[in-house]
Each structure stands twice: as structure tokens, then as C-alpha cells.
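Read through the structure below, which is laid out as C-alpha cells, and then see the notes.
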Amino acid sequence: MRWFSDRQFINTMLKIGIPVMIQNLIQTSLNMVDTVMIGQVGKEAIAAVGLANQVFFVMILLVFGINSGASVFIAQLWGKRDLANIKRTMGVALAFGVAITGLFMLAAILAPTQIMSLLSDGNPEIVRLGSDYLRIVGWSYIFTAVSFSFAVAARSIEQAKMPTIVSAFSLIVNTILNYGLIFGKLGLPELGVRGAAIATLIARLIEFIVILTIIYKTDHVLAARPRELVSFSKAYMIKILDKASPVVANETLWAIGNVLYNVAIARIGAEAIASYQVANSLFRFYEVIFMGMAAACQVMIGNRIGAGEEGLARQYASHFLKLSQTGALLIAVFIALSAGGIISLFGLEPALSRTTTSLMYLYAAFTFSKTFNLMMIVGVLRGGGDTKYALYVEVAAVWLVGVPLAFAGAVWLQAGVIITVALLMLEEVLKTLLTFRRYMSQKWLNNVIHEL
């Protein structure tokens with residue numbers, strides 16, 4: 001059956017995928033708002049906030065890794081409606097998420113200058129601005145981890161609407177406070193980069209309070225008592241971590257690799273890293289569509305495996321891959337046709353604007369490969385419990401291809417930002433080859449809950 005004639009597939013995908021797309025769009029829009037508004041302050045400010053946010057980027061991907069690994073179990077447990085083990089699994093994810101973000105919070109608050117010195121090319125203004133930003137925004141990290149854990153768990157049990165609404169409210173708060181605190185509007189002080197950090201902190205705190213209030217005041221399925229969250233045994237935790245740890249390692253190594261991409265490009269200069277930050281932020285805006293699809297893919301495949309319907313799980317994987325590549329074609333064409341006009345809205349300096357537009361054309365060329373890899377790694381492989389193979393693919397692509405080529409282009413060849421980014425994107429080609437081979441082998445489909 002073709003995906004567009006499979007009503008059950010379409011209805012379930014929209015039920016899960018649309019809220020996730022909207023939530024990711026909201027989160028990306030929040031980052032975009034920061035970029036656009038900070039862009040009015042100057043290129044050093046863009047570079048500083050972009051590099052400082054690499055700390056959050058690594059942290060949230062670690063948290064994502066833990067929760068994504070846990071969601072492999074939660075999705076399959078929901079397929080058999082095992083609520084007790086769903087809450088235990090949430091407890092494991094929350095415990096590790098809070099522990100990790102606590103360490104990142106301490107680093108951001110106590111050693112921001114050292115972190116920025118490592119990430120930047122030593123530009124004192126970038127180090128100063130980035131340090132100011134980290135000292136403030138670091139306080140938000142634990143709140144983000146808890147909110148994120150509940151949001152991912154809600155998606156895994158096919159209830160993605162609530163966290164989406166909360167994220168929308170958070171975006172509105174952040175945007176209003178950004179405008180007031182960066183530029184000194186609405187009766188608020190003009191604080192520039194520090195204002196952006198304060199706005200983000202307040203928005204994430206509000207998101208944390210609202211999402212927990214909704215879950216526990218409405219007697220939600222996920223409203224676990226503390227005793228239920230910590231009722232897991234050591235053996236249970238080890239079983240969860242056996243599947244979750246490859247996802248955590250995957251996200252960690254991928255995140256560090258991407259931080260090194262930024263470090264390499266920062267060596268080219270402030271204009272290079274600023275253009276890369278803007279292009280990355282803009283492409284993520286388009287990528288949220290496929291992130292929503294991948295999240296729906298993981299949940300739907302996991303639910304079907306947990307319910308013992310492996311044939312339907314295979315069919316869903318095929319549907320998602322075909323649908324994502326159709327979407328990739330449309331997005332690639334749109335980026336190619338609209339890049340110049342959209343970049344002009346950022347109010348960048350002419351040279352910076354031209355470089356950023358060229359980077360967007362490059363992203364358009366790699367859209368097919370990036371989309372296929374996202375759907376396979378996050379959707380099919382993780383949904384099927386094949387987390388270790390996903391790790392092997394990510395490590396090979398990023399660390400054997402992407403990172404070496406990024407530094408070769410930026411430092412050895414001194415080739416400029418366009419060629420450097422083109423070189424590092426060759427990692428996507430290797431991922432596509434490896435994940436397609438795995439898909440065809442059918443080895444990605446595994447039932448991970450039969451031993452719990």
C-alpha cells in the first residue's frame with residue numbers, strides 16, 4: 001500500500017508528527033528570534049551567542065539522547081499499555097537528565113570565560129559577550145531537562161499536543177522579553193546580549209512550571225508520584241541504559257563533532273562563523289518538518305513492535321522514507337529560490353549576507369541526504385531498537401570524515417567558509433550509504449521490551 005492511500009498511517013502520523021513539528025518549529029523560531037534580534041547588535045554579538053549556545057547544544061543533545069533512548073522503551077511499553085514500567089523508565093531518564101544538566105549549569109556559571117576562550121578564536125569581544133550570556137542562561141539548564149523529559153514521554157504515548165501548546169506560550173514570552181531587554185523597549189532596560197539571556201531564562205522557567213502544573217493538576221497518564229519514578233531496580237536501569245547509552249554516545253559524539261565544526265569555522269574569522277550560525281539557524285527552521293516526521297516514525301514503529309505487529313512496522317518505515325524524500329525535494333527547491341530574499345530580512349552587512357546566501361544554496365544541495373539520514377537514524381533505527389548501529393554510523397561519518405575535513409578546509413587549505421562547509425557535509429553522503437544498506441538488510445527491527 002502506498003503511503004498516501006494508507007489512512008491509518010496518515011492519521012497517526014499527523015496526530016504525533018504535527019504537534020512535534022510545531023513544537024520544534026517553536027523552539028527553532030525561538031532561536032531564530034534570538035539570532036535576528038542579536039543580529040541588530042553586531043556580528044560579534046551573533047558569533048558570541050552562537051558559540052555560547054554550543055554549550056546548550058551539547059547539553060540538550062545529551063538530554064535528548066537519554067530521553068530518545070528511554071522513548072524506545074516507552075513507545076513499545078505504550079503499545080502494550082504497561083503504565084508502571086513507563087513511569088519507571090521516565091524516572092531513569094529524569095535522574096540522568098538532571099545530573100547531566102547540573103554539571104553543565106555549574107560549568108556555564110563558574111567557568112564561562114574559559115569555555116568561550118576554547119570555542120572562539122580568542123576575539124576578546126566575543127569572549128566577553130559570550131561569557132555574559134552563559135553566566136545567566138546556565139541557570140535555565142535543569143528546568144529545560146525536566147520539561148524536555150516530560151515532553152518526549154508525552155510524544156511516545158501519542159499525546160504530543162500538550163507540550164506543543166506549552167512551548168508556544170514559552171516562545172511568546174521569550175520573544176516579548178527579547179524585544180524589551182535587548183533593545184530597552186516596553187519600559188525594560190537595554191541589556192543587549194545579557195537581555196537575550198535573561199529572556200531565555202525566564203521563558204524556560206515558565207515552561208517548566210506550566211508543563212508540570214498541567215500534568216499533575218489534570219491527573220495525566222505521566223503524573224507519576226516520586227515513589228513510582230524511583231521504583232526501578234539496578235537491573236531495570238541497566239537494561240534501559242543498554243539501549244539508551246548508544247543513543248547518548250551517538251548524540252554526544254555528534255554534538256562534539258558539530259561544536260568542532262564551529263571551532264574550525266571560527267578560525268576563519270568572525271564573519272565566517274556569523275554566516276555559518278545564521279545559515280544553520282535558518283536551515284533548522286526548514287528541518288523541523290522532518291524532525292517531526294522522524295519523531296512520529298520512531299513512536300509509530302516502536303508502538304507497532306511493542307504490539308507484536310512487525311510487518312506493519314516495516315511498512316511504516318517504508319512510508320516514512322518515501323514521504324520524507326518527497327518533502328526534501330520541495331524544501332530544496334524552496335531554499336534555492338528563496339534564500340536571497342529571506343537572508344535580506346536579517347539586516348546583515350552586504351558581505352555577510354552574500355556568504356550566508358551561498359551557504360543556503362549549499363544546504364539545499366545536501367537536503368536529500370540530510371533528510372534521509374535524519375529519518376533513518378532518529379526514526380527507523382531508534383524506533384526499531386537498533387541504537388548501536390546508529391551510533392557506529394554517526395561516529396564513522398562525523399569523526400572519520402566531517403571533523404578532519406572541516407579542519408583541513410579551514411586551517412590547512414585555508415579555503416574559506418563555503419568550501420569548508422562543503423567538505424564537512426560529505427559526512428552526510430557516508431551516512432546515507434551506511435543507513436540505506438542497514439534498512440535493506442531488515443536487521444534494524446528489534447523488540448527491546450520482551451526482557452523487562
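Each position is counted from 1, following the chain as shown.
Cβ coordinates are placed from backbone N, Cα and C, and glycine is handled just like the others.
Heads up, TrEMBL stuff is auto-annotated, nobody curated it.
As recorded in TrEMBL:
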- 55-78: transmembrane segment (TRANSMEM)
- 90-113: transmembrane segment (TRANSMEM)
- 133-153: transmembrane segment (TRANSMEM)
- 165-184: transmembrane segment (TRANSMEM)
- 196-216: transmembrane segment (TRANSMEM)
- 328-348: transmembrane segment (TRANSMEM)
- 360-382: transmembrane segment (TRANSMEM)
- 389-407: transmembrane segment (TRANSMEM)
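If you look at the transmembrane segment (196-216), the same-chain residues 6 or more away from its ends with a CB under 8 A from one of its CBs are 30, 34, 37-38, 49, 132-137, 139-140, 143-144, 146-147, 150-151, 162-163, 166-167, 169-171, 173-174, 177-178, 180-182, 222-223.
Remark: the transmembrane segment (328-348) contacts the transmembrane segment (360-382), by the rule of 3 or more CB pairs under 8 A. Residues 85-86, 89-90, 92-93, 96-97, 100-101, 104, 107-108, 115, 134, 137-138, 141, 144-145, 148-149, 152-153, 155-158, 240-241, 243-252, 254-256, 258-259, 298-299, 301-303, 305-306, 378, 382-383, 385, 387, 447-449, 452 of the same chain, all 6+ positions outside the transmembrane segment (55-78), place their C-beta atoms under 8 angstroms from a C-beta of that stretch. Residues 68-69, 71-72, 247, 250, 279, 282-283, 286-287, 290-291, 293-298, 301, 317, 320-321, 324-325, 327-329, 331-333, 335-336, 339, 342-343, 389-390, 393-394, 418, 421-422, 425, 428-429, 431-432, 435-436, 438-439, 444 of the same chain sit 6 or more residues outside the transmembrane segment (360-382) yet have a Cβ under 8 Å from a Cβ within it.
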